[in-house]
Amino acid sequence: MPSKFSCRQLREAGQCFESFLVVRGLDMETDRERLRTIYNRDFKISFGTPAPGFSSMLYGMKIANLAYVTKTRVRFFRLDRWADVRFPEKRRMKLGSDISKHHKSLLAKIFYDRAEYLHGKHGVDVEVQGPHEARDGQLLIRLDLNRKEVLTLRLRNGGTQSVTLTHLFPLCRTPQFAFYNEDQELPCPLGPGECYELHVHCKTSFVGYFPATVLWELLGPGESGSEGAGTFYIARFLAAVAHSPLAAQLKPMTPFKRTRITGNPVVTNRIEEGERPDRAKGYDLELSMALGTYYPPPRLRQLLPMLLQGTSIFTAPKEIAEIKAQLETALKWRNYEVKLRLLLHLEELQMEHDIRHYDLESVPMTWDPVDQNPRLLTLEVPGVTESRPSVLRGDHLFALLSSETHQEDPITYKGFVHKVELDRVKLSFSMSLLSRFVDGLTFKVNFTFNRQPLRVQHRALELTGRWLLWPMLFPVAPRDVPLLPSDVKLKLYDRSLESNPEQLQAMRHIVTGTTRPAPYIIFGPPGTGKTVTLVEAIKQVVKHLPKAHILACAPSNSGADLLCQRLRVHLPSSIYRLLAPSRDIRMVPEDIKPCCNWDAKKGEYVFPAKKKLQEYRVLITTLITAGRLVSAQFPIDHFTHIFIDEAGHCMEPESLVAIAGLMEVKETGDPGGQLVLAGDPRQLGPVLRSPLTQKHGLGYSLLERLLTYNSLYKKGPDGYDPQFITKLLRNYRSHPTILDIPNQLYYEGELQACADVVDRERFCRWAGLPRQGFPIIFHGVMGKDEREGNSPSFFNPEEAATVTSYLKLLLAPSSKKGKARLSPRSVGVISPYRKQVEKIRYCITKLDRELRGLDDIKDLKVGSVEEFQGQERSVILISTVRSSQSFVQLDLDFNLGFLKNPKRFNVAVTRAKALLIIVGNPLLLGHDPDWKVFLEFCKENGGYTGCPFPAKLDLQQGQNLLQGLSKLSPSTSGPHSHDYLPQEREGEGGLSLQVEPEWRNEL
């Protein structure tokens, strides 16, 4: 069958492969079968366009006399090795020559006025000759793979007086550029009409975006010291771009335009309310304790802009200084309620601001088309299925008729949510609006968020003081009054735990209760079975302490559901899962419906009376729903044990909701007063929006605060004190190689790889591995950060295309029936940026024909690091996104993406069981210490592929230069993007801008 590739295409593919071997250090390899393996498993992914078969490529090289080929050996004739675009050293300029001596003062001079350096001075300017596009002050050079392009930058003196070129700085950290200057020495006088030429050669074997900057330093006309003399600079910003076909389809749809939020929603003096949803008829749970509103003080709202300015406590006005003093004082019992309440108020003010991102202008509503309810209107809300924004039954929003928004005092219509179906929300409005409504009438819509979680946290802070819980929150010593003998024999329900000494130790201390009133902590690193340990401990308490009653909680519905699923196996009649009425019953796992408060016959939630709920040995709720038990005023001594799973993932006031008012400190040997926290302080904590609350401690969970600051939980010479804390050490998830770096960085090398050998080594012989037996791939991509429309979140087309290529290899059908070799359910894709998540989903479900044709492709989860916490997959792919250097400092300031956020890095890389693939820019990531260790680990063990690995460079000097160059390079925002940082900081946290976290709906 004739090849579909021409001889020229076969030859070019072979030359590109030969260059690829040079970059990888494999140019001496001659074994034909080994070369075939490298070509098929590794080279084709980074080729960017469809590549010919290995044998066809060899044929093309052979007939072109570029290779010697036998049945067992292949020898490529020596070529001009373009992987590094090499030139004769006598002509080639050193990149950034003399920059180490001058770069600090040089970069400082042009920090604020980059645009000025694009224009000629004293008649001197730069002429460009060669293929390029000029865009926003940047010279864009489009490359075909393995094909050289040459650009000549001609510095011409078009003035009437002589000038002197004193220095020339080609600033570039990538080998795709080479600069040479025809042996013209510097300094070089340039008389009127004279030129100085710099030749720029560009070539790449890899798709990507490769930036460079050229800076000319000149001495102006006139004698030194005379009028007109002086140093001036001219700059040109270059970018070589080689796109894969898929990446070309992912370019920004519309230019990025930053939106401004105009303030609070328009709520006028005239408000008309719709009808609230009917309360469940089976709501028998008492409401004995009132719940306050706890609105932020108006004065705090007024002072917030000044607080965000970061004024020193010593120079700030008195009110600001007092608030800052409260924020900067360490958390103690004496300031516990005051400081945490202030932080909650600040977080709420940020939420009020962030929710405005979702407001809609001139959107139509229609009559409810499905239920034929004449009193409900339907509104399309993009993103509501992903809780962006969160809209639940019982919530409300405000709507103004578009035609009335400019009136002096229009009517604001308050609509209550009755039903949510995919991206459609069904709302009840007042009869006066319904009487004049016609399909297609347009509105301005302002969203709100549910304040219930904040209100119950404020109440919990009040109750903490009322019930004097300081011995539990700031423990100093145990009462040492055991409930059972320390040698009590535990017959485990899960017999597999008997071989794990750490899990046995934790369960024994929890059951005997020797730690009270101090909480007992199960420190569970990734994959060590903390939830399994906690569940078995609950079962043992039920078994050995007949009078015990347990409240088991988690911050999320999924976490609470998991507790219920595992407890019901052995305690089916003793447990009850209490769900919030806003929970979509379709999202509730089928196996827990028999033991939860859903009445299938009535088709609604029920809430049994307090007396009925007290009959169950174990109640399971989210932390926020536990507030309903406080409102019902359960007896303070009813719950003897409170277990909180995922305790490191919630704010401290959120943990208090399940404690304050439901548990008291026990002074005697009576059962009770035992709090158990399970989590990992090295993984992600609570998701916060306000930069102030992040800075001043609201991001600390109760678990992390105790581990960090309380002496009872400190690690001593002999390890942790098992009376208070157990660190689980056996990892049952990951291949030892995947576990290696996070184990060394975050867990003192103590974790032991105990995963099933067959499961963890499933991909050790996968053809796509750069090195067999090493199931980690770091695929280097020099991509480009992009943004589009009014979304501030970043995406990287080249990385998205590379991830898609790997998915095609992993999910390729293994038979003609179309059955995937690997189930999409076993694969997860992680990216820290919301827009990149959207682009990768678009590739999978729309652009790529092979992937979108898989029946179960919808089961492949693509999400943020936060969305994957607590989960695992056989294969994890990570797209780090950040590549253009112009936004590095934004990441450093706000802990965005992976840079400078060890917890996010730790969670991302520890989700994988058998194969971890990371796609990112090694040059950028190498400036973070943790990523640098990981990159070198991959390189040393043969797991690195993609663009050439950067040479080792001094970390601090490299970072200084990188950040300095970021101020020179044009960004996607245009030539004045250095103005972007202070503007975008104003009033909002970087996390909510870039990552766009889900709005909490765990009620």
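Cβ atoms are placed via backbone N, Cα and C, with glycine included.
Quick caveat, the model's predicted, so the values are computed rather than measured.
Within the same chain, residues at least 6 positions away in sequence whose Cβ sits under 8 Å from that of Pro525 (ATP binding site) are Asp680, Arg682, Lys727, Leu728, Leu729, Asn731, Tyr746, Tyr747, Leu751. For Gly524, Pro525, Pro526, Gly527, Thr528, Gly529, Lys530, Thr531, the entry in Swiss-Prot reads ATP binding site, with the evidence type similarity to another entry.
Sequence annotations record features per position, and here Swiss-Prot assigns compositional bias 'Basic and acidic residues' to 976-988.
Lys148 (N6-acetyllysine): 14 other CB atoms within 10 A of its CB, across all protein chains. Under the heading N6-acetyllysine, Swiss-Prot lists Lys148, citing a large-scale study or a structure entry as support.
As annotated by Swiss-Prot, phosphothreonine applies to Thr160 (among others), with the evidence given as a large-scale study or a structure entry. Taking all protein chains in view, 10 other C-beta atoms sit within 10 angstroms of the C-beta of Thr160 (phosphothreonine).
Under a cutoff of 8 A between CB atoms, and with a sequence separation of 6+ in the same chain, the neighbours of Thr254 (phosphothreonine) are Glu788, Gly789. When secondary structure is read from DSSP and collapsed to three states, Thr254 (phosphothreonine) falls in the coil class. According to Swiss-Prot, the phosphothreonine annotation covers Thr254 (among others), on the basis of a large-scale study or a structure entry.
Annotation note: Ser432 (phosphoserine) sits in a helical segment as assigned by DSSP. The Cβ neighbour count for Ser432 (phosphoserine), using a 10 Å radius over every protein chain in view, is 11. Swiss-Prot lists Ser432 (among others) with the feature phosphoserine, giving a large-scale study or a structure entry as the kind of evidence.
Here Swiss-Prot flags Ser969 (among others) as phosphoserine, drawing on a large-scale study or a structure entry.
Annotated phosphoserine per Swiss-Prot: Ser977 (among others), in sequence order.
The region 'Interaction with AGO2 and APOBEC3G' annotation in Swiss-Prot covers 921-965. In the predicted structure, the region 'Interaction with AGO2 and APOBEC3G' (921-965) carries a mean pLDDT of 75.
The region 'Disordered' annotation in Swiss-Prot covers 966-1003.
Applying DSSP to the motif 'DEAG box' (645-648) sorts its residues as follows: 2 helix, 0 strand, 2 coil. If you look up Swiss-Prot, you'll see 645-648 marked as motif 'DEAG box'.
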* Asked: Which residues in the same chain, at least 6 apart in sequence, have a Cβ under 8 Å from the Cβ of Pro526 (ATP binding site)?
  -> Asp680, Gln683, Asn731, Arg733, Ser734, Pro742, Asn906, Val907, Thr910, Arg911
* Closest of the modified residues to Gly529 (ATP binding site), Cα to Cα, picking from Lys148, Thr160, Ser432? -> Lys148
* Structure fact -> Ordered by sequence, the long-range same-chain Cβ contacts of Lys530 (ATP binding site) under 8 Å (at least 6 apart) are Ile522, Phe523, Gly524, Asp645, Ala678, Gly679, Asp680, Leu728
* Asked: Rounded to a whole number, how many Å is the Cα of Gly527 (ATP binding site) away from the Cα of Lys148 (N6-acetyllysine)?
  -> 49
* Gly524 (ATP binding site): tally of other CB atoms within 10 A of its CB -> 27
* Just the number: how many Å between the Cα atoms of Lys148 (N6-acetyllysine) and Thr531 (ATP binding site)? -> 57
* Structure fact -> As a whole number of Å, the Cα atom of Ser432 (phosphoserine) is distant from the Cα atom of Thr531 (ATP binding site) by 53
* Can you tell me how far the Cα of Thr528 (ATP binding site) sits from the Cα of Thr160 (phosphothreonine), in Å? -> 76
* Which of Thr528, Thr531, the listed binding-site residues, has fewest other Cβ atoms within 10 Å -> Thr531
* Other same-chain residues whose Cβ falls within 8 Å of the Cβ centroid of Gly524, Pro525, Pro526, Gly527, Thr528, Gly529, Lys530, Thr531, the recorded ATP site, in sequence order -> Asp680, Leu728, Asn731, Tyr732, Arg733
* Structure fact -> The rounded CA-CA distance in Å from Thr531 (ATP binding site) to Thr160 (phosphothreonine) is 79
